[in-house]
């Protein structure tokens, strides 16, 4: 501990010496000793004077002067006021003037001759010539005076230019001196600040060292005192007492050792606490010094920045004053370069924009080309589809015509009992012929189709009469154009759900022609294709049905069923029928319908009936066909069995459901494209169009059903 105290004392002495050096430096800068602290009262007296406050001394002096009597007299206040005083002054002036006027009148002033001389108004020519001749001396004099004036002016000009240059130099020198003075002043301030900061730091160090020395001295005294106490035994109770026995024994020896251990532990703890306290005291000034150093660094940086700003401002001022052309040229060149760079940047930006616009235009063109190509492909594909459809229609027509010729030759041997079954189907014939009569106004060729349809339908219905009635199933509704027709069919004829795999497929194709003329020749199709819009046509392949067995059936069921259907269809046919026809057409239609239903006619009679039916009326045709067909259907129904009619009914109904579903899907998929490619729309005939659509679906169904029925009849006859 003695060594620690010595080191601390040495540090304290060094700190005192450094503090003295700092004080001397401060004294050199400020001219006074920082340790000399003047009292507060002396400062106040020096600032305020003898009065001790602001303005009090002057009042005391004034009072002293006024009391002494040697000073100026007190101001005498005029009680009358400013107006009275001004009026009195005016009066005195007037009185003085009045007194001086008579004195001036008494003294007479001497008269003086006027110096004004009247000049001659007109100068003669001689006078002017003489004046010019006499001016040679005047000219020389004027030249001399002019030269002197010019010389003086030039001298003044030179002096002014020199003076301006000198003034500029002086201003530059003064500015430099001012800058230097500011720098010196800042340096002095910085030095002074640093010195005072050093002084404060030294003073704090001295205080800490003094505290350390005091603590070290106290610690030494405590150690000396405790070193003496270690030799004694300390009691366990408090306050602790130290004692020494007169005679030592092993028990007392143990007590001495225990007390020494405890005292040594106390000494160690006290030393550790002392060292920690000294370390804390050293850490405080270190923190303060670090903060002060940081502040100094920040201040130095600020000073440097200010100096640099001052130098830059000084250079700018010098450039402005001297007007250096070189710098101006450089500035102009720099400005031009900047402008060029800006122009280059703008040009690059414009080029990029143009390139982007060109790319966009190219993309738009490519898209348009692709769209045009797609549209052309669609247009090319649509005519091909239409041509395929036409070819299929022609092939089907030829096949149907051949089959009809063969069937007419074979069916001549049918029994006459079939006439009775045709009578029961009279209402159905009337209903299905009515749409043909309604569509009669569209074209003359349609009635040929209706006549053929009647022939085929009569045979179909004759075979249906003998069939048993299956379970009715709801038929799905097609497009809204065919709703009235399908509702009537559902009332009169129930439909089966599924079709056996032996049935052939139906083809639904879109053709640009009215639907009732599917079975007509190609010569009739071409002119009507221009008149009507696009409609869907049902084409059926020639069906090949399996061998069917024959069973008898009762007549009563078929009669009641056919009559109920006939009533429903008669109601609809009456609302639509039109009364305009001729007697010759009616007779020909009756002969054609009777021949077709009884299968006793030939191909020549069918052609004559088709030509005559083109001019026939709806009402006469309905009546004649109903009478003949009813008698034939009744005669046929007697000779047919139960099972054969059931199987035929199933096949026909399934065909009808398939054709209606295919017709719907075909109309939804192909109707729009075929309408766009060919044909002109007839806006004024929407009702006729709907009727033609319904008629087309019926005609397709009738043709397929009639063919099936004929084949089944042939097979039955062979058996």
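The count begins at 1 with the first shown residue.
Every residue gets a Cβ built from N, Cα and C, even glycine.
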Handout entry: Per Swiss-Prot record, range annotated coiled coil [choices 446-467, 512-533, 534-555]
Key = 446-467
Problem - Per Swiss-Prot, the range holding coiled coil, considering 2-32, 33-63 - result: 2-32
Fill in the blank from the handout: Students should find that the Cα atoms of residue 238 (N6-succinyllysine) and residue 155 (SUMO2 cross-link) sit apart, in Å rounded to an integer, by 113
Completion exercise
CA pair residue 359 (SUMO2 cross-link) / residue 365 (SUMO2 cross-link), Å rounded to integer, equals 10
Exercise for the section: Based on DSSP, name the secondary structure state of residue 238 (N6-succinyllysine): helix, strand or coil. Expected result: coil
Practice task
Going by DSSP, give the three-state secondary structure for residue 155 (SUMO2 cross-link).
Solution key: helix
Handout entry: Among 124, 155, 280, which are recorded as recorded positions, the nearest neighbour of residue 228 (SUMO2 cross-link) by Cα
Key = 280
Practice task
Find the average pLDDT over the coiled coil (287-379) in the predicted model and report it.
Solution key: 69
Fill in the blank from the handout: DSSP composition of the region 'Sufficient for PSAP complex assembly' (221-284), residue counts helix/strand/coil, works out to 44 helix, 4 strand, 16 coil
